[in-house]
DNA sequence: ATGATATTGCAAATGATTTGCAAAGACATA
DNA sequence: TATGTCTTTGCAAATCATTTGCAATATCAT
């Protein structure tokens, strides 16, 4: 599936219907950015498409992840977070106090592969995750 | 809390009682190694201490994490995984097929801090996680 | 050995996520 | 534009990991 296609095109080209609910979910993720929990996505989508159901949110997020349109993050806060797969590879910094998740462009992986012998581990890497937890500037002075 | 102390000592020195259940949990993690889910820990512990309860497992894992004795991993498989905090800092490679989790000594973080200006992000790092997902040698030929 | 207090086991609650099923919607085709 | 097929939705109930309240029990300082 071409990375140039937008989410709506990917859905249609994969034989899925472009329902109002799916449009709304994609639109919310596109316009509101940052990774959101299913809960947050429900609230945001409800603003434009009232009556949408949790199972619809979950079913579609799963579909969108499967199609590579959406990325699922495993942040250490007990929830799944979702965001549109950006064109650029990146990782995240997470504030331990307010929970804000921000993208960083820094990726340790290439460097890693260059300097070390991952193949010695007899392991074929497919993807990788890198997260830095800490305190963001807004929370720095809070106790 | 001195890192030289063993888990049992840390518990006692922190004012917690060294119950049979806690001994059994620590012993299992010490002897059986690899990160385990609460479920797996229950099974393993049940072998030596039958009748132990899920809530006991969870309550103690939480305590042990709080005391720094146990490390909690957020692997992208929907479960929490627990292991004894080793002396050495490390990260993990996870097989997408069999789910096996192995430690790697490679850490991208120091390099990262040296080469980039994390402080420009106005973020104070506390900890970080790095996981590589892929296919392990045992699963390489499975379809 | 005793007593104060932490800890356990049990059962029920919680909270995110999933599922079955009938009704509604999307879209290719006429 | 109307029709029919097949997907998708909404709802409600089910799951599944994890948490919690509480009475009974175990630990450990004394």
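The backbone N, Cα and C atoms fix where each Cβ goes, and this holds for glycine too.
Note: TrEMBL annotation is automatic and uncurated.
Taken from TrEMBL, the feature Fe cation binding site applies to A:89, A:128. Per TrEMBL, Zn(2+) binding site is recorded for A:95, A:98, A:136, A:139.
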Reported as an integer number of Å, what is the Cα distance between residue A:98 (Zn(2+) binding site) and residue A:128 (Fe cation binding site)? 25
Does DSSP give residue A:136 (Zn(2+) binding site) helix, strand or coil? strand
DSSP three-state assignment for residue A:95 (Zn(2+) binding site): strand
Mind sorting out which of the binding-site residues A:89, A:98, A:139 are close to chain B, meaning Cβ under 8 Å from one of its Cβ atoms? none
Hey, of A:95, A:136, A:139, which of those binding-site residues are within 10 Å of residue A:128 (Fe cation binding site), Cα to Cα? none
Residue A:139 (Zn(2+) binding site) versus residue A:89 (Fe cation binding site) - Cα distance in angstrom: 27
Ranked by how many other Cβ atoms lie within 10 Å of their Cβ, the binding-site residues A:89, A:128 are led by A:128
Could you name the residues, excluding A:95, A:98, A:136, A:139, of the same chain that surround the Zn(2+) site, i.e. Cβ within 8 Å of the Cβ centre of those residues, in sequence order? A:96, A:97, A:99, A:100, A:135, A:137, A:138, A:140
Once the chains shown are all counted, how many other Cβ atoms turn up within 10 Å of the Cβ of residue A:139 (Zn(2+) binding site)? 17
With H, G and I counted as helix, E and B as strand and the rest as coil, say where DSSP puts residue A:128 (Fe cation binding site). strand
Need the DSSP three-state call for residue A:89 (Fe cation binding site) to compare against my parser. coil
